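Undergrad: The structure's right below; bear with me while I get my questions together.
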Amino acid sequence: MHNTLPTLILGAGPAAIQLAVDISATGDARLGLYNRPSTKGERLKQYLALTPTLYLQGTGKAQATQKESSVTIDCYIDQLAQAVGDWQRLILAVPADHYYAVLQQIPWAALPQLKSVILLSSSMGSGLMVQNLLNAAGKRDVEVISLSSYYADTKYIRAETQDISANTQDINAGTQDIGAIQPYRAYTKAFKQRIYLANQWGNAGSAEMSWLTAVLARHHIDTLPCSNLLAAERFSITNYVHPPLALADTTLQALFYPEQRSQYLYKTQPEGPVCPAVIADLAGLADDYKRLLNRLGVEEINLLRFLNDDNYPVPASMVSRRWIDEFPQLPPLEQQYALFVRYTALLVDPYSTPDEQGRFYDFSAVKVATVYQDANALWHLPRVPLEDVHKLRTLLLLAGALDVVMPTAQRLLQRFQQALKAFIDRVGEEHCHPSLLGDDCDRQAAIIEQQWRSQT
């Protein structure tokens with residue numbers, strides 16, 4: 001679909017590169033990029049000033065639809081006060097827990113032609129919060145669209161090698177080794193099978209919804225429109241999967257003690273956190289979300305069907321169709337057993353081509369990133385679990401305001417907060433970045449609640 005709306009992408013990570021390439025392929029829209037001031041951002045700014053081009057290539061399964069491509073960036077800004085002029089579409093390509101801070105800085109009055117704000121990787125309640133902020137800015141007619149998650153798996157290509165196979169499966173690749181990445185060059189190794197999306201009006205036929213459907217269809221991604229923002233956002237996979245794994249005791253030990261041996265987020269103990277107790281937390285958190293979603297007037301998901309059919313399928317010899325289709329009705333212990341079997345089935349990619357020794361691709365070798373220090377010697381937490389903690393805390397606060405109990409979420413957060421406090425006590429508060437010491441989750445939860453109540 002030909003679409004020429006001037007588009008400003010807020011965020012400049014690997015996902016933004018894939019997105020920019022896809023937008024360029026659907027029309028000759030003017031493209032802008034925002035990135036907050038940082039070491040990586042300064043390198044990107046200097047590079048684009050000389051060569052205003054970003055590069056992308058596909059690898060593995062993604063090569064079927066993503067060839068080597070480049071895209072011209074017409075405008076780069078590193079201050080949100082510069083987000084002015086004739087931009088008609090804003091796309092949030094920053095982590096969902098950053099939406100509030102980013103949108104608070106937008107000079108809305110200086111965007112008179114704005115038509116839409118698109119959330120590339122939303123969390124539950126993100127759309128309501130954005131809608132509330134737009135209403136307060138006098139932008140009630142701006143269309144808000146939530147995607148259930150980012151539609152691909154995209155990484156930076158690292159500077160020391162052009163061989164993308166050498167890039168490690170680090171869930172925070174480049175976070176601790178900024179100099180090793182090329183912030184203008186990325187590769188995509190897979191696309192999602194299905195993405196859920198919705199706008200605040202439940203209008204699946206809007207021009208922007210149709211355009212997004214066409215963009216994703218380039219990569220044979222099914223798009224399922226939902227009746228409202230929350231209905232799409234309930235399918236955010238990281239909300240379900242990351243907290244039980246990233247906030248497990250063994251993962252937190254690896255996170256806060258980087259000198260110890262590595263851990264892998266999706267491996268079974270002792271290499272990773274996956275064990276029956278952690279899988280019980282996964283099932284328990286899904287039950288927490290079920291209660292919250294039902295209170296918000298949204299139907300819960302079939303967790304096993306979502307994990308298998310929409311994300312990473314496993315052979316039926318491991319997880320039967322009966323388990324998948326009847327998952328909500330299974331007894332709790334059988335649910336947990338089915339989930340445990342699924343995660344053991346994904347220790348390797350069962351559909352990869354085995355090597356000469358008969359070994360399949362080590363799908364679960366996703367290394368747990370650890371705390372790290374910046375150029376000012378301040379300690380930071382990597383995106384996983386910091387983003388997940390913020391999202392979970394916001395939802396727990398929202399649940400409390402709506403008299404919904406979420407015991408598993410509460411226990412996971414308490415475990416994290418105890419581990420964080422012990423770390424801060426060990427290194428000293430003065431040596432910690434402010435992101436370790438506070439957040440705006442309470443404000444975000446209050447805004448979501450306010451917007452939800454105004455619509456019910």
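Keep in mind that glycine also has a Cβ here, set from the backbone N, Cα and C atoms.
It should be emphasised that the depicted structure is a prediction, and the values quoted were computed from it without experimental measurement.
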Undergrad: In Swiss-Prot, the NADP(+) site includes A12, G13, P14, A15, N35, R36, P37, S38, T39, K40. Which of T154, T188, T213, T223 does it also list there?
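TA: For NADP(+), Swiss-Prot names A12, G13, P14, A15, N35, R36, P37, S38, T39, K40; of T154, T188, T213, T223, the listed one is T154.
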Undergrad: Ranking the binding-site residues N35, T39, T154 by other Cβ atoms within 10 Å, which is at the bottom?
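TA: Among the binding-site residues N35, T39, T154, the lowest count of other Cβ atoms within 10 Å belongs to T39.
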Undergrad: Using other CB atoms within 10 angstroms as the count, which residue among the binding-site residues P14, P37 scores least?
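TA: So among P14, P37, the binding-site residues given, the one with the fewest Cβ atoms within 10 Å is P37.
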Undergrad: Determine the Cβ neighbour count for A12 (NADP(+) binding site): the number of other Cβ atoms within 10 Å of its Cβ.
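TA: If we count other Cβ atoms within 10 Å of A12 (NADP(+) binding site), we arrive at 27.
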Undergrad: What is the separation, in Å, between the Cα atoms of H242 (active site, proton donor/acceptor) and T39 (NADP(+) binding site)?
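TA: Taking the Cα atoms only, H242 (active site, proton donor/acceptor) lies 28 Å from T39 (NADP(+) binding site).
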Undergrad: Hey, what's the widest CA-to-CA gap across A12, G13, P14, A15, N35, R36, P37, S38, T39, K40, T154, the NADP(+) contacts in the record, in Å?
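TA: Overall maximum Cα spacing for these binding residues reaches 22 Å.
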